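Here is what TrEMBL says about this protein:
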- CYS321: active site (ACT_SITE)
- HIS380: active site (ACT_SITE)
- ASP403: active site (ACT_SITE)
- ASN443, ASP445, GLU492, GLU497: Ca(2+) binding site (BINDING)
- 313-406: domain 'Transglutaminase-like' (DOMAIN)
- 1-31: region 'Disordered' (REGION)
Amino acid sequence: MSETMSTNEKKKPPLNGRRALPSNNSNDEENEVPEMEAFGFIPRGFNPKDYLHVVDIHMFKEPHEINKQQHHTDKYYSPKLIVRRGQPFQIQIDFNRPYKPETDQFWLEYLIGRYPQQNKGTYIPILVGDVQKPGEWGAKITHKENNSIRLSIMSSATCIVGKFRLYVAVWTPFGILRTHRNSATDTYILFNPWCQQDAVYLDDEKEREEYVLNDVGVVFHGNINEIKLRSWSYGQFEENILDACLFLMDKAELELSGRGNPIKICRVASAVINSRDDNGVIAGSWDNTYTYGVAPSAWTGSVDILLEYYSSKQPVRYGQCWVFAGVFNTFLRCLGIPARLVTNYSSAHDNNANLQLDFFLDDEGQVDTKITKDSVWNYHCWNEAWMTRPDLPVGFGGWQVVDGTPQETSDGMYRCGPASVQAIKHGHVCFQFDAPFVYAEVNSDIVYSRRQKNGTQVIEKIDTTHIGQLIVTKEVGGDGMMEITEEYKFPEGSAEERLALETAVMYGVKKQTAQDTTYQPQTDVDMDFQVQKAVLGSDFKVTITFRNKSRNYYTATTYLSGNIVFYTGVPKNEFKKHSFSAKLEPSSSSTFDVLIKSSEYLSDLLDQASFHFFVTARITETGKILAMQKATVLEIPTLRIKTQGEMVAGKEMSVTVEFTNPLKQTLENVTLRLEGPGVLKTMKKEFRQIPVNSTLIWEVKCTPKRPGLRKLIASLNCDALRHVYGELNVQIQKP
């Protein structure tokens, strides 16, 4: 007895006491389906060939054929059938003889995963009928000719998204005969923003073309005073990307039965996009050392990252927020969920979710970095995905924030969202998921406080307008910028804004009030400063302006601190300290210039060429402090891309990338990348050195695959210089 037990156990997967079947969370695994399922004993004279028998199945799966055209899936670089749910598609079955509906009985079976079950939506038998109900599984015969029939098949608008296996089953008096396993008939079913019953339905065709079908996009970076943009290749239709995206859901162990729900998919994907706690796709690194990996600024798109992860199953190094968001956007668009990449300028990373960022000043009025834990990111990128939210009250569907960058944990994992943008705007942060964190990212106040000798905290300044000043995304149908700040918040200082804040506080967002501590600012003197725009490698100046509105003479002891910072607002080091005494005449303005030399900052520069200036001034006569901070980014030179010869699909063409070294030093170990979806796969080239003022030229030959307007994207990367990009729109002609 014991021997037979052990052999049996080996075959069966391990069970636990709570479920009859193991969890079904891999789209990749299959079960064996019997080709002959007998009803009992089979008589000796039984010959399957006497009955209706399937000779061939035509899937109409070529890009130019009806299915991929009607389902907007003709761009996928895949030989298999890809359709969208809730919309009919066609197949043709060839039998060994004409089909006779009076006596012949056959049906279709769609299966997904290792343990198909009808009640879980993983085993779908479809009988052939006369009527098709919209948005429900069904099939009807549209055409009969000789031994062939043409079927129109409707999938459910809520069905699982993934790769299904197809069998045709024929009934005989002695058992069921099935077609053998044939991977050529596998059918991918995706979300359908064109179908009204689908949870991701989007009613505007221009928006669907942008948010689902556009395979390149724009990332806005830099900072609020100097907005920069670069292109990103999403490449959701490129070879093997769809399989890689389905693999991510297997990796996250999302039950197959939950894969028809965009809320669940977004939630698990926001965790698996980063490598924290689940060995997900991208390892983040914000410390400017990228040994054994690719610097985040060097990536030009998502395809290389997803394919590397799909093959190695190990996190790809390295990413920062726009890389996480770029890959997440590819994942969402690939599965058919409308998505866009969003940038929030001056984004708060509030460690204790009290809606305020605490900056502590020392006696001199300079920021004490030892106890200041909160930070302001120059910008932060996340994604918005479009879907209904049946789990929330009416009115909170539409755009949802999802964020794959690991910042804080949510239910024990590094993930964020989906959080309704509408709920954030109105302060209804009680609605899942992670709305308070996103609310703080766009709405926190900056509080400057100083601990006096006797230990009491004095608030020197509260800045209510610095955070979330501008929230943007790429415009529909163009490369320009579209401001969406008003989707997230009411106008600064309006009655609605106060009400939304009170609502958020009521729902448990902690907000400390200024009444806890004494706060009496100096109101009769204004201070501001401007940083001159400068190109990387040149000197520039900071101009500080005081406006004394009183009738008194004042003296201001002024400190300027210049820091090289990561774009997350975390300082690396102080490269400039300057203090001076400013005499302020009554009722007048005075300006003071501070020169910043390139030699002071070049040796320590980080990859985003980002500076952060604090200016604090103490008015001698009153002891009050004025404080202000600003981030600034240097102009970084760009790559030039040119093409030669005619640009026709299927014909070889040549692309040239040029770059001139602007620094007063030789650039070493330079890596160039070039890619363009539909034109060329990512190419890399290493250069040992680029001397001062010399120009590098790299020529590449390629053969574009698809006609239409395409984009070439290039990046240059080395230790001394990062975030160097170039791009070019090219019109590929039909052959």
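Cβ atoms here come from the backbone N, Cα and C positions, even for glycine.
Automatic prediction, not curation, is the source of TrEMBL annotations.
Note on proximity: among CYS321, HIS380, ASP403, the active-site residues of the record, the Cα nearest GLU492 (Ca(2+) binding site) is that of HIS380. Confidence over the domain 'Transglutaminase-like' (313-406), given as mean pLDDT on the 0 to 100 scale, stands at 90.
Using a 10 Å radius centred on the Cβ of CYS321 (active site) and all shown protein chains, the other Cβ atoms total 28.
Taking Cα separation as the measure, GLU497 (Ca(2+) binding site) is nearest to HIS380 of the active-site residues CYS321, HIS380, ASP403. Under a cutoff of 8 A between CB atoms, and with a sequence separation of 6+ in the same chain, the neighbours of ASP403 (active site) are SER270, PHE324, ALA325, TRP382, ASN383, ARG415, CYS416, GLY417, VAL438. Excluding ASN443, ASP445, GLU492, GLU497 themselves, the residues of that chain whose CB lies within 8 A of the CB mean position for the Ca(2+) site are, in sequence, THR464, THR465, ILE467, GLY468, LYS489, GLY493, LEU501. The two recorded residues, HIS380 (active site) and CYS321 (active site), show a Cα separation of 6 Å. Taking a C-beta cut-off of under 8 Å and a sequence gap of six or more, ASP445 (Ca(2+) binding site) has these contacts in its own chain: LEU355, GLN356, LEU357, ILE462, ASP463, THR464, ILE467. The Cβ neighbour count for GLU497 (Ca(2+) binding site), using a 10 Å radius and every protein chain shown, is 17. In the structure as shown, the Cβ atom of ASN443 (Ca(2+) binding site) sits within 10 Å of 24 other Cβ atoms.
Other Cβ atoms within 10 Å of the Cβ of HIS380 (active site) number 28 in total over all chains.
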